[in-house]
Amino acid sequence: MSSQFVYTMHRVGKVVPPKRHILKDISLSFFPGAKIGVLGLNGAGKSTLLRIMAGVDKEFEGEARPQPGIKIGYLPQEPKLEPQQTVREAVEEAVSEVKNALTRLDEVYALYADPDADFDKLAAEQANLEAIIQAHDGHNLDNQLERAADALRLPDWDAKIEHLSGGERRRVALCRLLLEKPDMLLLDEPTNHLDAESVAWLERFLHDYEGTVVAITHDRYFLDNVAGWILELDRGEGIPWEGNYSSWLEQKEKRLEQEQATENARQKSIAKELEWVRQNPKGRQAKSKARMARFDELNSGEYQKRNETNELFIPPGPRLGDKVIEVQNLTKSYGDRTLIDDLSFSIPKGAIVGIIGANGAGKSTLFRMLSGQEQPDSGSVTMGETVVLASVDQFRDSMDDKKTVWEEVSNGQDILTIGNFEIPSRAYVGRFNFKGVDQQKRVGELSGGERGRLHLAKLLQRGGNVLLLDEPTNDLDVETLRALENAILEFPGCAMVISHDRWFLDRIATHILDYGDEGKVTFYEGNFSDYEEWKKKTLGDAATQPHRIKYKRIAK
């Protein structure tokens, strides 16, 4: 293996039941300092590839090995942490060498007071310890820990791991890994469970990171701003593309032109995203306003019939009237924490509202109040007479693992009636990228992203005209994300979407609802980038820096 590479794979293959070649004959070499984003459909083998590279999965064909002496750090989708540890104890494992050096240095200083000490030996040890501390900026160790904890919005230092949610555990594991500073980072969906500000911080951190980074992610701004290479997994093959995500889109469109006969819908979807990428910010802003202006056209039967040829199609519900949702002076608390404090806003016809904020800030609580599942402490929610809600929540466990994909959606019916439309059930399921034999897969065999698509297919068949989408982008591959964006943009109704995906919010949002500290929620007209720019101008750069969320305490 050439010393110019930190890692080499030679003819790597992987077979999974029932005799499916998920990876085929992959040969790749990784440069020091390279930043690589891994793309591919759900189930394409992205996580398998990282497990092989991390040395976790040893059952594969071919060779995969790092350069001798290279330290590899791996973030799996479900990292393992010691349940009895506190958050601080778990994170400090990453800097144990520096902490031990600091402790020992204090002991060495104390030993100088002994007149019988071997001063030459102590001086040599002192020099060695100081070199370790200086290399890791050890005298500022506490500041490093606090900055990282704030940036990733970690729970309190004293919180026990066993009491944390899955998302909180992932953030702790990510923080620990980044502080270790290995030569090569293997990250499986590092942006999952991070809010937009934490993702932006991670993006800057990895952009400046001196080591090699291989990241599976669906965050396309992340792929645009960090990645210098895209590794696409397509039908078992690993195809490297030099450039970032936007560059990959350009190259991919040219390749699809050569496969036009079989890829028409996919090419149409990529072309729409490319059109958006090529627009300047003013053009993007004008496009979001144009969506609301052409609301009547979106509602026409002829337009929706044309729209049915898209990759993913959200069936329209009843025609929406002028009044949609009005929220006035809404307040909601749990225990002594105020989640929402005096919130008022009005959703105009045709709006797509992106909802952002830290995990646990109360975004899903708002949806439960809008749908009548919970009541506010004070204030009111008023729905227009024509409003029919369709809700897609972030929990996808309410499916029967023994059923096939087709059975789960269709309940055995050949024809589905969705809103004012009738559609063959297999064609409808196919719209969510379950083609042919994939419709016969058991639900229990699906990957996280495939479950996400199935969940969308089930709940969108209700045919509402106002969609409440709670983290619909979680675990979706980039292809499905793009199709979902296009489907929402063509939907003849309104949508409120909880998401941390900045690219997604920039493409679809006409308004932003931002959950800040102490129950303060801001309603802004414009997409995510417009809102961030406004925040910087209004509140300064500090406003867009992540920090651990503060809850307003209720006066006793």
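From the backbone N, Cα and C atoms, a Cβ is placed for every residue, glycine too.
Looking at 96-140, 141-185, 186-230, the range annotated in Swiss-Prot as region 'Arm' turns out to be 96-140. In this structure, the C-alpha atom of G40 (ATP 1 binding site) lies 27 angstrom from that of N359 (ATP 2 binding site). Among residues of the same chain six or more beyond the region 'Arm' (96-140), those with a C-beta under 8 A of the stretch's C-beta atoms are 181. Comparing local CB density within 10 A for the binding-site residues G43, G45, G360, the maximum falls on G45. A mean pLDDT of 84 is what the model gives for the domain 'ABC transporter 2' (325-551). What surrounds the ATP 1 site, by Cβ distance within 8 Å of the Cβ centroid and not counting G40, L41, N42, G43, A44, G45, K46, S47, is the set I22, T48, L233, S447, G449, D477 from the same chain.
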